[in-house]
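Q: Have a look at this one before I ask anything.
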């Protein structure tokens, strides 16, 4: 085959591979949560999944989008953040509904105080101040409370970014915070497994997909010369994923006595 003919074949193939890699970056990040979402819907039990994972990903991807305004990186990474935010909100909605439906004697926990007297009559009394008590933060009774929190965080960080967008130091720091926060994704699940001395209720498929996806993502960052923050924190994320897989092995083959959580029931909740 002549060189010209070979080039005619290779160029479309390279373009196809490039599109495939971009598509995997955009949608690959949400795939690990599909089995976990289905398990929660099927069992109506969300205790094995830490919704602080959702918090970490929401913060990380909001910061990444803001970073894009200061330093334009590849568009697939931007779209990945948008898709991930939508996915995490869906996970939060399901987990909140499942937890509230399973709880008895619900004590209403909210992000913001009630404004409607009618609502106060129909529902249990709400807290009269923003619920920033660490024991109850991100453990609210309605999905709308999580949405309010996310919108508040987005508004505050967006305004700060707008004011400091011309500072290269601020922009680079913002990028580092975005990817470092995402690198800490597995830490809430890691801690919950350690706290329970068990990985029961956690989707093993989710963690395996985390590991393969994060490995692919890190290689993608390196090959495409993404900002250095992405590559460094990608490697850290792979390390955390592998540690969780070691927990799966350890607690499966060497069961340990669970730690007592009688001191404060709410502190044992993943939601």
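Backbone N, Cα and C define each Cβ position, glycine as well.
Heads up, here are the entries from TrEMBL:
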- 16-37: transmembrane segment (TRANSMEM)
- 49-71: transmembrane segment (TRANSMEM)
- 77-95: transmembrane segment (TRANSMEM)
- 146-165: transmembrane segment (TRANSMEM)
- 171-191: transmembrane segment (TRANSMEM)
- 229-251: transmembrane segment (TRANSMEM)
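Are these features on the surface or tucked inside, and what are their neighbours?
A: Long-range Cβ contacts of the transmembrane segment (77-95) within its own chain (Cβ-Cβ under 8 Å, at least 6 residues beyond either end) map to 25-27, 29-30, 33, 36-37, 40-41, 46, 49, 51, 54, 57-58, 61-62, 64-65, 68, 143, 146-147, 150, 226, 230, 271.
Sequence-remote contacts of a segment are chain residues at least 6 beyond its ends whose Cβ falls under 8 Å from one of its Cβ atoms, and for the transmembrane segment (171-191) they are 49-50, 52-53, 55-57, 59-61, 63-64, 66-67, 70-71, 161, 164-165, 202, 207, 210, 227, 229-230, 232-234, 236-237, 240-241, 243-244, 247.
For the transmembrane segment (229-251), the list of distant contacts is 73, 77, 172, 175-176, 178-180, 182-187, 189-190, 193-194, 197-199, 204, 207-208, 210-211, 214-215, 217-218, 221-222: same-chain residues at least six beyond its ends, Cβ to Cβ under 8 Å.
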